[in-house]
């Protein structure tokens, strides 16, 4: 590449400035003479630090070029392997594709949870910055911030209509928000430590919460009263999730177990113990996936003629396990993540499992063949949460890198 006379002169002056400002006096004198430079104060100011600036911007551009090349290679690979352009897929087989549709910034601390609204085209994110943010996932627009908690917001949950949002926090409270007026309508106190998980029960009448105080509590939406406490875990309860009809709740804990409770009696129906580290996350299988799970695992159909219920768990032991709750059996273990598994759920088509982890990836698993079929390098830091839209082709992820990303499925 040939430089013009002006470019050559600028480069020489920048080199001369670098040599002089870094104390290479002898080299500076020789170079100045050889390059026939006439240095003066006005010009000196213009070229001060220019060489370093050019150098760092070249490195930045190189990094950007490498990122774009890798995205291009992923797109080529997808095209040749019969991806979205190569063939028409059944929507039940749509999976998230790189690159992300939107990377949304606004939180000032790690994102702890992301969820889709059940009705409108919005999603909600919670963060360690003590706020909850609302975004439009179709346009990528930021809508509003909900403030009220005084410490990290750990989990959020909508009721089935999307009119109510529950949140819980390290400030030891649970808050209920009117999602139409965006106001906090109730604050519930009762846990003695960080409240790490919250879920509105399917009937919409009760909220269930889990805490570092080792308990699970059930609250009445109408009054905010605590009506039940489930005890049994020996350490911090990380997550709690009700099944589809609200008769059972599942919980997971630092005590390395997953427990399933009968809501009506508070009885622990099953204690699932095969993980070798803290269990971070759980997710119930939708009934639409029961037949394909039974087929894939050869699990017995009970006397009632109905398989299931089935449950997924993700752990710091880097594995994902699938359980048959009725027998307490571990049906399979999926191995592939290189760090703590932080989020796991079933694809709405019922054939796949999606997971995210501290290895910065979002993964899609074909559980019938027990293999990871797609790995997306989703974030710059740990991926803390994911959600899959029930009807629209979108996945959302949140990360310690403070961003929320929207992924299109096709």
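Backbone N, Cα and C atoms are what each Cβ position is placed from, and that goes for glycine too.
Residues annotated as region 'Interaction with NDE1' in Swiss-Prot, with experimental evidence given as evidence: 1-66.
On the 0 to 100 pLDDT scale, the domain 'LisH' (7-39) averages 85 in the predicted structure. Annotation comment: Swiss-Prot describes 7-39 as domain 'LisH', evidence class sequence analysis.
According to Swiss-Prot, the N6-acetyllysine annotation covers 53. According to DSSP, residue 53 (N6-acetyllysine) is assigned to a helical segment.
Residues 153-158, 160-162, 165, 167, 169, 171, 177, 179, 182, 184, 381-382, 384-390, 392, 394, 396-404, 406 of the same chain sit 6 or more residues outside the repeat 'WD 1' (106-147) yet have a Cβ under 8 Å from a Cβ within it. Swiss-Prot lists 106-147 with the feature repeat 'WD 1'.
According to Swiss-Prot, the feature phosphoserine maps to 109. Within 10 Å of the C-beta of residue 109 (phosphoserine) we count 14 further C-beta atoms, all protein chains included.
Annotated repeat 'WD 2' per Swiss-Prot: 148-187, in sequence order. Counting same-chain residues at least six beyond the ends of the repeat 'WD 2' (148-187), those with a Cβ under 8 angstroms from any Cβ of the stretch are 109, 112-113, 115, 117-120, 124, 126-132, 134, 193-200, 202, 204, 207, 209, 211, 219, 221, 224, 239.
Summarising the annotation, Swiss-Prot assigns repeat 'WD 3' to 190-229. Counting residues of the repeat 'WD 3' (190-229) by DSSP class, helix then strand then coil, yields 0 helix, 22 strand, 18 coil.
Sequence-distant neighbours of the repeat 'WD 7' (378-410) (same chain, 6+ residues past either end, Cβ-Cβ under 8 Å): 84, 89, 91, 94-98, 100-105, 107-116, 118, 121, 123, 125, 127, 133, 135, 137, 140, 339-340, 342-343, 345-348, 354-358, 360-362. Summarising the annotation, Swiss-Prot assigns repeat 'WD 7' to 378-410.
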Residue 109 (phosphoserine) to residue 53 (N6-acetyllysine) - Cα separation in whole Å | 30
How many helix, strand and coil residues does the repeat 'WD 1' (106-147) contain under DSSP?
-> 0 helix, 24 strand, 18 coil
Over the span of the domain 'LisH' (7-39), count residues by DSSP class, listing helix, strand and coil in order.
-> 25 helix, 0 strand, 8 coil
